[in-house]
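Trainee: According to TrEMBL, the protein carries these features:
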type	residues	note
TRANSMEM	7-26	transmembrane segment
TRANSMEM	32-50	transmembrane segment
TRANSMEM	62-84	transmembrane segment
TRANSMEM	90-113	transmembrane segment
TRANSMEM	120-139	transmembrane segment
TRANSMEM	151-172	transmembrane segment
TRANSMEM	192-211	transmembrane segment
TRANSMEM	217-237	transmembrane segment
TRANSMEM	249-270	transmembrane segment
TRANSMEM	276-296	transmembrane segment
Amino acid sequence: MRLNDLILFAVVFGSMGAAVMFPVAGEAFQPFLLYFMMLLLFLSFLRIDFRAFLDTSPSSLFRLAVMTAVKLLILPAALYYLSLAIIPEYAIPVLLLSGISTGVVAPFIATLVAADVAGVLRMVVATSLVVPFSLPSLVKVLAGAEIRIPLTTMVELLAVVVFVPITAVVILRRCLPSALQVLAERQFPVSLVLFAMINLGVFSKYSSFFFNHPGSILLSIALAYVLSAIYFITGVLMTPGLNLNERVAAGVSLALMNNVLVIVFSSRFFGPLSPTLAAMYMFPFFTMIVPVKLIASRMQQK
């Protein structure tokens, strides 16, 4: 794990702990969570080429469509019903986490595990464009009886949070590329501040819940690791005829998602378990690099 990853870990979980222990400190950030999230996505999208999914063959586009459907629809629905049967209180948190877009740092992780970076990049672009419509629809269809949130409200929120940063990056890339370069050089420290403010704002609302239910954190961590294994293995198993680096890329694309977006989105509409599970996914998000490398090495030997 790199130094930056350790710093990110410290900031993410330190700010969560501070929000729970001193909730008053986070109350000032609560009205601005959506704006913090849009800024964070804007910074993350600076290094993403949105033309990536166009520069590919028809067969690759078909595979991309299938992978996107599995990532945003099929796998989330299957895991929702499985959770409903085993741990029903986590069914919606699992649905939200599973149905979000591939994380914008996934291409970087793909380089560390010798995966097909171009394939992961295409998944980032495709799922980011589709998720504002797919996730609210999935939640409404599968869990509509349990929630009273209008579908249009969820769609509008996700569309604004995702499309405004994308549009801003595309426009600035054409008009002020030098400004984007300056921002990209300062991306990490600014992102750390945004991570901290998001966590302070979100988890300060649930301080009393964590004091009354400390076991939910441990259960969320365990569940996050189980889910990460399911995501990665699903990606590898559904691509049997491809090269090793493409199969690993499929696993990475399913296992590394935009969990911070889930934290903000779910805290607005759902209870404390959804943002907690999404936050605890930070553990497998970064620690899965070593086991993925080992799995890829064993697959290569076979």
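Start at 1 and count along the chain as shown; that gives each residue its number.
Keep in mind that glycine also has a Cβ here, set from the backbone N, Cα and C atoms.
Can you tell me where each of these features sits in this structure?
Mentor: Same-chain residues lying 6 or more positions outside the transmembrane segment (7-26) and placing a CB less than 8 Å from one of its CB atoms are 192, 195-197, 199-207, 210-211, 279, 282, 286.
Same-chain neighbours of the transmembrane segment (62-84): 53, 56, 90-92, 94-95, 98-99, 101-102, 119, 122-123, 126-127, 130-131, 134-135, 138, 142-143, 227, 230-231, 234-235, 238-239, 250, 253-254, counting only residues six or more beyond its ends whose CB sits under 8 Å from a CB of the stretch.
Using a Cβ-Cβ cut-off under 8 Å and counting only residues 6 or more beyond its ends in the same chain, the transmembrane segment (192-211) has close neighbours at 7-8, 11-12, 14-16, 18-27, 29-30, 32-33, 36-37, 39-40, 43, 217, 260, 263-264, 267, 272, 275-276, 279.
Counting only same-chain residues 6+ beyond the ends of the transmembrane segment (217-237), those with a CB under 8 A from a CB of the stretch are 67, 70, 75, 79, 87, 90, 94, 97-98, 210, 247-255, 257, 273, 276-277, 279-281, 283-285, 288, 292, 295, 299.
Long-range contacts of the transmembrane segment (276-296) within the same chain: residues 1, 5, 8-9, 12-13, 16, 90, 93-94, 96-97, 103, 109, 112-115, 199, 203, 206, 210, 216-217, 220-221, 223-225, 227-228, 232, 236, 244, 248, 251-252, 255-257, 259-260, 262-263, 266, each at least 6 residues beyond the stretch ends and with a Cβ under 8 Å from a Cβ of the stretch.
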Trainee: If you count Cβ pairs under 8 Å, which stretch among 32-50, 90-113, 120-139 touches the transmembrane segment (249-270) the most?
Mentor: 90-113
